[in-house]
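Participant: Please see the structure below; I have some questions.
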Amino acid sequence: MTYPGPPRPAHVSATPLAELAGQMGAATPERDAEVTGITHDSRAVRPGDLYAALPGARLHGADFVTQAAGLGAVAVLTDPTGADRAAATGLPVLVVDDPRGRMGELAATIYGHPGRDLLQIGITGTSGKTTTAYLIEGGLRTVRSTGLIGTVEMRIGDERIKSERTTPEATDLQALFAVMRERGVDAVAMEVSSHALVLGRVDGCVFDIAVFNNLSPEHMEFHSDMEDYFRAKAQLFTPQRSKLGVVNFDDEYGRRLVEEAGVPIVTFSAEGHPDADWRAQDVEVGPMDSTFTVIGPKEERITARSPLAGPFNVANTLAAIVALAAAGLDPQAAADGIAAVPGVPGRLERVDVGQPYLAVVDYAHKTDAVESVLRALRKVTEGKLHIVLGCGGDRDRTKRMPMGAAAARLADTAVLTSDNPRSEDPLAILATMLAGAAEVPSHERGEVQVFENRAAAIAAVVARARPGDTVLVAGKGHEQGQDIAGVVRPFDDRLVLREAIQQTQG
């Protein structure tokens, strides 16, 4: 039988429900049960599961306990508001005030604490998490059997699984760790979002190494302000969450984290700051990669290459080298393994069908990232620089004007278009972006065009491209769908860009 959701381990020793109740300090149900799994999704229940019925924004998981029981749940974990509905199924019920906050530790217990058998490296920050995770996994691959968990995909050895979110829910995450252990994986590189830290998705995890890339405004629809955002990220650098931190000394929040972290910290600086433990020197940024020398804490010199373009990817590559060195790998061997990584899906990913100009797709979907990518591409562009860019609906509205302004100021042509409008009016989003572009003084502003239809926007920018130019399609990166009014339609920037180029050549 095929079950929805991420994979589960094939073999799990049953845990008595009474043991789980004792672990949480909850009242022991009159009836015991043998628990072999846990899920928060009633549709993904398997026989032997503890079903975590969580309170939600609109519905309560207890509304679905009958479905869970029908699929083979042997017990329910819920809060006081869900207790009566859960008890009505006749299943034993564990009642705690914060079931979401407890299910990570329960999942770890049920699956036999699989994370303890893995080298766990977690990466957090506003930008660069995905790239750094891929680079770390690439370096680890040279000496270990690896796993990867992040925005684009999950990997267990060579098996690839599509990701639903950057960091899985705690119940799924512990199951994934157990599958990795079962299949001989012994090291995992994993993105850790601020949502994951606040919502308890990494409860039950203690990372061997936690990496901090940077912090800039993002997710302001979720966090009240930058202080709240920083506090969320800083949770990863406490003894409950990690053993050692690797922190970007070039970032102002990184320097603050060095002072406030509750675990030992190793610092790195792509800008060559003399106070950092590890620093980059002799940086040469090329059109598709960069080379540099890493100076270590004992003044050792390591030859390094970032397989991705842009100064920001020097920082991501340096972060990966330092994390792997902290994990005990030889730094030069780590750097060589990272240099061999073939690229990261949707991160400065080149689309080449023989056209006489550079065409790339990038996930940049916040102001800092858009500015960084445009500046990096400007350095390697002989002709004109063109960007296609939109802003997602039902997300942080404060970044729309700055993103429109950044595109207009730093590109010769800025084609503003739809990203994932979700439930919002695409034209209203575009009007806000356009207002931002209009604030750029005319003598600093490139040509600005607006197309609601993303495919039309891509076709328009391709039609303008001349030899020596660069075309950047930004915002969606690896994504393979576009969410318009709650309906996700197939849409892959890489394929649409490729087809547009082929049509102009045809």
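Quick reminder: no glycine exception, Cβ is built from N, Cα and C everywhere.
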Participant: Given 163-166, 239-242, 419-422, 479-482, which one carries Swiss-Prot's motif 'Meso-diaminopimelate recognition motif' label?
Facilitator: 419-422
Participant: Out of Arg375, Arg378, Arg395, which one does Swiss-Prot list together with Asp419, Asn420, Pro421, Arg422, Gly475, Glu479 for meso-2,6-diaminopimelate?
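Facilitator: For meso-2,6-diaminopimelate, Swiss-Prot names Asp419, Asn420, Pro421, Arg422, Gly475, Glu479; of Arg375, Arg378, Arg395, the listed one is Arg395.
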Participant: Sequence-remote contacts (6 or more beyond its ends) of the motif 'Meso-diaminopimelate recognition motif' (419-422), Cβ cut-off under 8 Å?
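Facilitator: Contacts of the motif 'Meso-diaminopimelate recognition motif' (419-422) (Cβ under 8 Å, skipping residues fewer than 6 from its ends): 365, 389-395, 429, 454, 475-476, 479, 482-486.
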Participant: Let me spell it out: for each of the binding-site residues (Ser127, Thr130, Thr131, Asn420), count the other Cβ atoms within 10 Å of that residue's Cβ, using every protein chain shown. Which one has the most?
Facilitator: Thr131
Participant: Relative to the Cβ of Lys129 (ATP binding site), which residues of the same chain, six or more apart in sequence, are found under 8 Å away?
Facilitator: Ile123, Gly150, Thr151, Thr166, Glu191, Val192, Ser193, Asn213
Participant: Per 10 Å Cβ neighbour count, which of the binding-site residues Asp419, Glu479 ranks highest?
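Facilitator: Compared across Asp419, Glu479, the most Cβ atoms within 10 Å surround Asp419.
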Participant: Compute the centroid of the Cβ atoms of Arg395, Asp419, Asn420, Pro421, Arg422, Gly475, Glu479, then list the same-chain residues not in that set whose Cβ lies within 8 Å of it, in sequence order, for the meso-2,6-diaminopimelate site.
Facilitator: His365, Gly390, Cys391, Gly392, Gly393, Ser418, Lys476, Gln482, Asp483
Participant: In three-state terms from DSSP, label Arg422 (meso-2,6-diaminopimelate binding site) for me.
Facilitator: strand
Participant: I want to check the contact list for Pro421 (meso-2,6-diaminopimelate binding site): same chain, sequence separation of six or more, C-beta distance under 8 angstroms. What comes out?
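Facilitator: Once residues fewer than 6 apart are set aside, Pro421 (meso-2,6-diaminopimelate binding site) is near Gly392, Gly393, Ile429, Asp483, Ile484, Ala485.
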Participant: For the recorded positions Lys233, Arg422, which one has the sparsest Cβ surroundings, going by other Cβ atoms within 10 Å?
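Facilitator: Sparsest of the recorded positions Lys233, Arg422 by Cβ contacts within 10 Å: Arg422.
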